[in-house]
Amino acid sequence: MEFLELLSPSYFLLAAAGSIIGIIFGAIPGMTATMAVAVCLPLTYTLGLHEGLALLLGLYVGGISGGLVPAILLNIPGTPSSITTTFDGYPMAQRGEAERALKICIVASLFGGFFSAIILFFFAPILADFAIKFSYVEKFLMIFFAMSVIASLSKNILMGVFSGLIGVLLSLIGTYDVSNGGNGEYRLMATWMEPYLAYGFSLLPVLIGLFGISTIIEEAEKGVKENSLENKVNLTKGTPFRFNVFKGQTGNLLRSSSIGTFIGMLPGIGGSAASILSYTQQKNLSKNPEKMGKGAPEGLVASESANNALTGGALIPLLSLGIPGDSTTAVLIGAFTLQGLQVGPLFIGENIDTWYSMVTGLMFANVVMFIAMFYAIRYIAKVVLIPKFILYPIIVMMCAVGAYAINYGIMFDVWTLFLFGVAGWIFGKIGIEVAPLVIGFILGSSAEVYFVKSLESYGEYSILVTKSPIALVLWGLIILSIVLSVIIHRKSKQQATEEAAQ
Amino acid sequence: MKNIMHTAKVMLLAGSVVAAPAITFAADNPIRGNIRIVIGSKSTGGDTYQASSIIAEALAAKIDANIKVDAVGFSAGYQALERVPSGNTLMIFHDQAYLGHLYKQKGYEDPFKQWQIGPSFATNPGNGYLVPKNSPYKNMDEILNAAGNGQTIRVAIQPGGVSEIGYTAMKNAVRLAYPGQEDNLVALNTGSQSDKNQAMFDGLADVINGSVQANEQYTRLPADDQKAMNFVWLTAKSSTLQNANPEGMGQTSRDELLQYASGLGVRVPMDAENDFTFDKEFFFLYNKRMSPEVVAFLDNALAEVFADGKVQETLKKSFFIPNFRTSAEAQKHFKAKRDSYAKIIESLQK
């Protein structure tokens, strides 16, 4: 147990500091876990590998978790993987249950984080061997499966699918990047746009624009009166938090955490797919699907347990194959690089002490995240009490700073933020649905790459079905997901008609 | 407690690399404020970030400045470099800077016209090609002969750069021995290293581009493991590889790696007399408008860093080969190198 010697007080202090700093990064719209890890990466030089990793793992866990705060309180996903948290979190905050929603999310996050850390510890090499069975075809189908949720999340299926397609189209603007195996050509833009859109619209400014800025424009349109009672949220009005809210959620927690871990371990799928898939599977299997999206705790449980389960999942291919599972672990790998340490299929066996210390750091960071957020939350929740005429300008400023910083100082990202803010406001008026559009935007470019690569590699459309048993299972899930969505839509339509008749 | 205090001090330095003051250089430093080094790769897990971080730390210590390395990729890197002529933004890249232009990749201008070439400081001798352990081809001879005899050989590369130059050389070698058969070597366009590995696991590629740093562990897996691979060629000159750390990388020594280098274990002919070799070298790029005073200052500072001798040890530990040239020397060297590879690429396109 030589690794115990590595666990000095400063090791734990750094993991805790990382977790808290990460929460702050995650909670500021436009700042992400990836950015937090990138900023602190050079510190691993001075700190050494183990203590450096403790700090970075803390930042990773904190950064992913912090995204739930603005998602619930402001309807702005702090990180892309907390989009689905806004669906139920914000309505709960609006009816005075902000503290309850935040606490549900924090407990679910802790569960997801622990679940994936345990899976990582016991099954990493086996799962990595399974992950490499996912070729271009299976990865495309996995993304297609995640996209099938658009049907379930739409208020009107046709409009939802149309909105999703607009999102896909928007995601294809820019270069078909050679680093993705593309031809490096620009698509869907005029020549004069090339300096701005060579790499397309950045995800976070689009996301924050559509969710956050558009809401603020809507409020501005209505006019915010200084002493208006209707705008005041009463924090004590709603149902208070009790642990019994998790009664009946065991299946949801386990399923969502498994989906999160699984998506995390598939490189190239992207973290947001985890929470989107978990949320929709819960909606499809829920006894009360009509309540989801209107402030149902089960939606929060699904979304947050899945996105925190990503952390352990994304470390599986990193430590078992040397391949990062998501954008944050892609930066985290730099900590090993800076120390001249190889990560690959023999990493765990040859660096057993580092491996144990990383799993310890990951678990500890989750505990700190839980304690820090659970007990600070009553104060954080008071953000909703700040009058909107003070709060909104601050949010706009923070969003603009975050958008500018996300790609290390690109002004066009700030224009993207405002452009999509206005677009989101217009979409609301003409019936285009923002959630399906965003899902299309997030998943569109990966779907294209894997679809094109599948055809380039195998040369026939039938390969999408015949490639492997995994492909067949995925097709089964896609069909099931669409059928269930249609049934749920019909049921809720029928219910609405009956209610209207009464 | 001491440890905690140390950690607290280090935390205060967040986001920057700070080292002990070097009074003379600090006083003469014409660059006011912090220095940002953008690199041509978006990956913090790759060799560009690693080499850049090592040299940035050494340079920061020498000139007593805060230097931060940002993995922004070549396009954003070029934009950042274009904006700042003061020396506060510098760029580090490798041979891809001119190879991208030779291969007519989007976004790659002629670096000799667009930028000032700064000092070179390291070579990575690890660029190479691998086959699955259970491949019917055990070495480069078998691969080139198979292609020459009509077998299709699929090579996973990322087009337009260091990854493609070796593929170009393979095609050239097939053409020399078996004229007209070179099209049996087919490029499989993939992206990152993980995509190339996956192409091999899926049976889509017969040969993949890789590196000692990224793939050495895979070569030590048992043959019955789906992920197991073997090196067949390292593109670096054997004389370059001989300067690498004798311990090599991971559990594979330098001498074991030398058997994959040209002239010792492998032949990939470039013409009747010479073998094709390629050393991947890292160098600075400066804004064209950056003043000669700043260029000279950085040349001198880096010369002193190398004269101290410590940075060489750090570079060697990570399997890099220290390789310092001043700006003027680097400009001359890389121009000549570009011209020589331009001929090979051009001859293949005829």
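Keep in mind that glycine also has a Cβ here, set from the backbone N, Cα and C atoms.
Predicted, not measured: the structure shown is a model, and the values here were computed from it.
The annotation domain 'DUF112' is assigned in TrEMBL to A:13-439. TrEMBL lists A:12-45, A:57-76, A:101-124, A:157-176, A:196-217, A:329-348, A:354-377, A:389-406, A:412-427, A:434-452, A:472-488 with the feature transmembrane segment.
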Contact set, same chain, for the transmembrane segment (A:412-427): CB under 8 Å, 6 or more residues outside the stretch: 163, 196-197, 201-202, 204-206, 208-218, 221, 399-400, 403-404, 406, 433-434, 437
Segment confidence, the domain 'DUF112' (A:13-439), expressed as mean pLDDT: 89
Which of A:101-124, A:157-176, A:329-348, A:472-488 contacts the transmembrane segment (A:196-217) most, counting Cβ pairs under 8 Å: A:157-176
For the transmembrane segment (A:354-377): best-contacting stretch of A:12-45, A:157-176, A:329-348, A:389-406, A:434-452, by Cβ pairs under 8 Å: A:12-45
Chain residues in Cβ proximity to the transmembrane segment (A:389-406) (below 8 Å; excluding those fewer than six residues from its ends, i.e. six or more beyond): 28-32, 35, 74, 76, 202, 204-205, 208-209, 212-213, 216, 219-220, 224, 226, 383, 413-414, 416-417
Other parts of the chain folded back onto the transmembrane segment (A:434-452), taken as Cβ under 8 Å at six or more residues beyond its ends: 80, 83, 87, 136-137, 139-140, 143-144, 146-147, 149-150, 153-154, 160-161, 163-172, 176, 180-182, 200-201, 203, 206-207, 210-211, 214, 268-270, 272-273, 276, 424, 427-428
Contact between the transmembrane segment (A:12-45) and the transmembrane segment (A:472-488) (3 or more Cβ pairs under 8 Å, separation 6+): no
